[in-house]
Amino acid sequence: MDRELVRTVKLATKNHAGVLFRRAVRHLPHIVAVTALVAAAPRLSTLLAAAAAGGSTMRWARALWSDLAGELGPSAPALAVACWAAALAAYTYAASRPRPVYLIDLAGYKAPREHEASRAKTIAHFGRCGRFSGESMAFQKRMLERSGLGEATHFPTSLISLPVDMCLRTAREESHAVIFGVVDEVLRKSGVAAADVGVLIFNSSLLSPTPSFTSLIVNRYGMRPGVVSHNLSGMGCSAGIIAIDLAKRLLQVHENTYALVVSTENITLNAYMGNNRPMLVTNTLFRVGGAAILLSNRAADRRGRAKYQLIHTVRTHRGAHDQSFGCVTQEEDDAGEVGVSLSKELMVVAGEALKTNITTLGPLVLPISEQLRFLATVVLKRVFRADVKAYLPDFKLALDHFCIHAGGRGVLDELEKSLKLSPWDMEPSRMTLYRFGNTSSSSLWYELAYCEAKGRIKRGDRVWQIAFGSGFKCNSAVWRALRTVDAAGLDAGDNPWMKEVDMLPVDVPKVAPIDETSYQIPN
């Protein structure tokens, strides 16, 4: 039995044991209550007689105790202690249960029309920058034709004006527009005052100024001095789920409060203006975007107000492997130009991270039949050296909607095949890539908003969000819809898709040639 099998079996066993333990403990109060009823049943006549005679609850209890003491004799005190211990255990369990975390509402940023850039406009502006060689321009054009992006993704003004203005001032302007736009919207939609927010988490991987963006939000919205704030940077496109997981953990500690999570990425300072091919890919994929998510642990919010309940978060970090650690890096080229380099091993690394992540997630959500099939193929392959393909569980048996990080067409194609998903399952991710491009950690929320705008979300549905990011990380979140989201009740101010949702989906060819004559830069 090789080490890979041992590791897989150990992990699966640990996950199953954890699930079984949680299920047993979850029903502990019911077990204690039923046990007490069974024990009291033979003395029901005593209780009824005491009740008929009138008197307080304590009198009934004394009557029951006298009856028991007469039967048990010297062992009665021990039984009393055992009963009190059971009651204390039940209370302790109830007090220590994880607090449910609810998603009240979300907002996705949609830049004004003047920020829209067709693919022809994008190539034209790249050409006028004067920094790219002819070979680099041809490469970016080929990548853009195969990227899956549409004709109305958004760039910051700094990159579609001439000359290009990449500086800290314009980077702040871009981030401020996104942050204030989504925070204003989510607070308006939810009706929650900024002063009521107890936890604030912000993530932006490539821009982390001083004061931090969390301080900017606290200052702008006049949040209370006791707000618990965290500013995450350098964590890549999977940072949105990391922020949700962190918020979940903080909401276990801070009672009866709201958590505001803001996810975005800055494009201005991270466009690459050199000629190193691995660093040019990001120019063709990343676009302006951001999202704000309002969470709550208030029990009152579950009834009619919250949209979803967070069921699971699973985080996988493969940074211990050099290949995984180095496949997405921010660096300088030989000319001193800064950019993000994507290695050729990215797809392999992402596949390994996904496999590790779903090995942990599977026992939490999949039916036992699927888990046994998966384990059986591992044993056949590793122990008996049988020539069988590794069995990938059918997650559609447990999950209804899939929001996969819109990192690029290649990533989506690979996951569609690996997870055996249908075009309908992939539609939210593909349309997000087409309409908004790769918006980094916020892409998952555009995808969920797409599902809502299409009227897909029904009460009880489960949504799986899957994110990949540098490091290398693969993170998952599973949500359960607490109510049906009525698409007819949404307007353009509630959802970034509403103005065009009826025109989607569209067919996106694998190669869509760019007609450079369709756009001319004004003189």
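Here, residue 1 is simply the first one shown, and the rest follow in order.
Yeah, the Cβs are placed from backbone N, Cα and C, and that goes for glycine too.
Taking the Cβ of C237 (active site) as centre and 10 Å as the limit, one finds 27 other Cβ atoms among all the protein chains shown. Residues annotated as active site in Swiss-Prot: C237 (among others).
According to Swiss-Prot, the feature active site maps to H317 (among others). H317 (active site) falls within a strand segment according to DSSP. Around H317 (active site), the same-chain residues at least 6 positions away in sequence with a Cβ under 8 Å from its Cβ are G471, F472, K473.
Per Swiss-Prot, active site is recorded for H401 (among others). Sequence-distant neighbours of H401 (active site) (same chain, 6+ apart, CB under 8 A from its CB) are D425, P428, L448, C451, R456, I457, D461, R462, V463, W464.
Annotation source Swiss-Prot lists active site at H405 (among others). Secondary structure from DSSP puts H405 (active site) in coil. Less than 8 angstroms from the CB of H405 (active site) sit C237, S238, V411, S429, S443, L444, I466, A467, F468, each of them six or more residues away in the same chain.
Summarising the annotation, Swiss-Prot assigns active site to N438 (among others). In the three-state DSSP assignment, the secondary structure recorded for N438 (active site) is strand. Sequence-distant neighbours of N438 (active site) (same chain, 6+ apart, CB under 8 A from its CB) are C237, L285, F286, R287, A406, G407, G408.
Annotation source Swiss-Prot lists domain 'FAE' at 93-382.
Sequence annotations record features per position, and here Swiss-Prot assigns transmembrane segment to 31-55 (among others).
Here Swiss-Prot flags 78-96 (among others) as transmembrane segment, drawing on sequence analysis.
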